[in-house]
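Below: the structure, in structure tokens.
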Amino acid sequence: MRVCVTGFNVDAVRAVAIEETVSQVTGVHAVHAYPRTASVVIWYSPELGDTAAVLSAITKAQHVPAELVPARAPHSAGVRGVGVVRKITGGIRRMLSRPPGVDKPLKASRCGGRPRGPVRGSASWPGEQNRRERRTWLPRVWLALPLGLLALGSSMFFGAYPWAGWLAFAATLPVQFVAGWPILRGAVQQARALTSNMDTLIALGTLTAFVYSTYQLFAGGPLFFDTSALIIAFVVLGRHLEARATGKASEAISKLLELGAKEATLLVDGQELLVPVDQVQVGDLVRVRPGEKIPVDGEVTDGRAAVDESMLTGESVPVEKTAGDRVAGATVNLDGLLTVRATAVGADTALAQIVRLVEQAQGDKAPVQRLADRVSAVFVPAVIGVAVATFAGWTLIAANPVAGMTAAVAVLIIACPCALGLATPTAIMVGTGRGAELGILVKGGEVLEASKKIDTVVFDKTGTLTRARMRVTDVIAGQRRQPDQVLRLAAAVESGSEHPIGAAIVAAAHERGLAIPAANAFTAVAGHGVRAQVNGGPVVVGRRKLVDEQHLVLPDHLAAAAVEQEERGRTAVFVGQDGQVVGVLAVADTVKDDAADVVGRLHAMGLQVAMITGDNARTAAAIAKQVGIEKVLAEVLPQDKVAEVRRLQDQGRVVAMVGDGVNDAPALVQADLGIAIGTGTDVAIEASDITLMSGRLDGVVRAIELSRQTLRTIYQNLGWAFGYNTAAIPLAALGALNPVVAGAAMGFSSVSVVTNSLRLRRFGRDGRTA
């Protein structure tokens, strides 16, 4: 079940309180609160859990005192993958909203789906919540601005008349307690929890001005109703503009949700039945016509079509799909009729995983924000102390309590840490959202900082720098042997292997029309080769190390042929029988077109580039020379890749590992920054820090550039927010800033931070990075 909550979108403490409170409800298995996206995901058993109890627990958690909340980060900040989603046993998506003036949550509404499993629900979420947020503030803007100007005008133009003060009071009263009610309520809730936030400062400042002016209305002193009214007017205007801007920042998830198909054509006993997509189950057959979106992840069982996978990979070139090929939900069938057997539905589809990953990243914090959090924890009490000291100083030293009160109110208003609270989450939200549009899935704040520090990029060779489409180029036979005989023996042994080289050997035998003899007793030697029994005798197929381990006799002319092939960048595969090598196969892989360009761009960024491979040194060196890589780690077994990455780290290098996310998974985890390329599988998403849905290598450069640009934006935002408060508070304390000007400046600072973050939406457009 997913619940959308308002009121804690910048409060990690509330998120932890919600997780702790909801986890105690019967039937709840796990709770993840995402403070940055104002959502809570609950995994529970429908037969045991009570939805009303869950919603009640969330409401209760809003008022848990801060000192009773465990000092930890929300669970959502530590999520490394999406495997837990598979534990969902049922549920529906709910939307919970607490509009101003309503103490109890609205009745949760069904957003689609069946109790049997998780569903995406309405594609308008979270955009719906943002529209609700804007509806909250816009009427208050229309109320506060005219009345605030009326209060100002009554003081400026009719101050000499006795009724002017009462007119200002009448105009300010609804502004203070109607337009400003969400702010006052927020301050009261914080006070109940013995905490404080930006609402506390605004409420204290405006109430001080309002109460003081009300007293002076009877006592005959100066009035500041216009100050209170205009401050609230500018604050609610700022909140409205902020909601509009952050709505643009959070569009990524809404756009992703809108990509999915809403209906599917289900094949039941040969008949077509149009059903909602959430009714399709694993194993069902669905028919997809030209122009339709493929509704679920699956495997093509019949038909041929070009499929637009740009939503998944970021590449605009259609991909040809035939029987046996896998397809992803939300991709578009362009020109053929396909029958697809569903292999993943609902929360298990690639699109759902992408949505969760983006949501996780947007709910995450960058380590740089820890400083901001520590400062914010003491910021509000410190500002209140400065305001009190300001009033006392003006009263005792300057003997001007009226100026002291004005300066104190200005201090409270100008110091509102809105910009500080928005600095990091808005940048992460926009940056990760733009990355998702480009097929770059970033796992949040920790990844951003790692991207800044890396100085070495290590590429796996097969499937990363190369296409992983091996083919046999040459067959060199020993004395008294024919090339076809050697190829038949090798194909027999490799017929039980799933290795790309083995598949290439078997394919070559089929292409030549050779009859492949039966083989048994297969034994794979990890990273070296394969042994099997063919025609009653042992046959060995593998690399030079396997030849040495098996003590096979290697004729000189075959050894020389192997060296020649390796120097040409090909892999030499030895075939052994009856204690000696009887032939050598040359297997080649083609380098990706953009490999050399990408390596050059990484060098231009000041990064060292290395290649890691199980190939022998000569073959590896030939490939490395072709793409411009200077450092080669050759003859590395799959299980030793982690050790090689660790060795580089021990040398003081900060390493990014780029691999296919399957056999490279341990090395991806070991690296300071793991980048899985060309795959959207669970393994890739779980193991890597960045997943590139496209197989194009330039995604590596774009991922690093986007991460670094996002981090720079965070630093810019924090610098502006800290600098703004550092400069403005002394000016306000000295009386150089009118409280009304302070309120406008406070709103401007928040909008400026969000606007700066929105610049990231231009990343990658027309060759620009931001």
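FYI, residue positions are counted from 1 along the chain as it appears here.
A Cβ is built for glycine as well, from the same backbone N, Cα and C atoms used for every other residue.
These figures come from a predicted structure and were not determined experimentally.
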Of 193-213, 571-591, 655-675, the range Swiss-Prot labels transmembrane segment: 193-213
Which of 141-161, 164-184, 193-213, 217-237, 718-737 contacts the transmembrane segment (377-397) most, counting Cβ pairs under 8 Å: 193-213
Site with most surrounding Cβ atoms, counting all protein chains shown within 10 Å, from the recorded positions D460, D660, D664: D664
The domain 'HMA' (1-66) [mean pLDDT, rounded to integer]: 72
Alpha-carbon spacing, D664 (Mg(2+) binding site) to D460 (active site, 4-aspartylphosphate intermediate), which is rounded to whole Å: 8
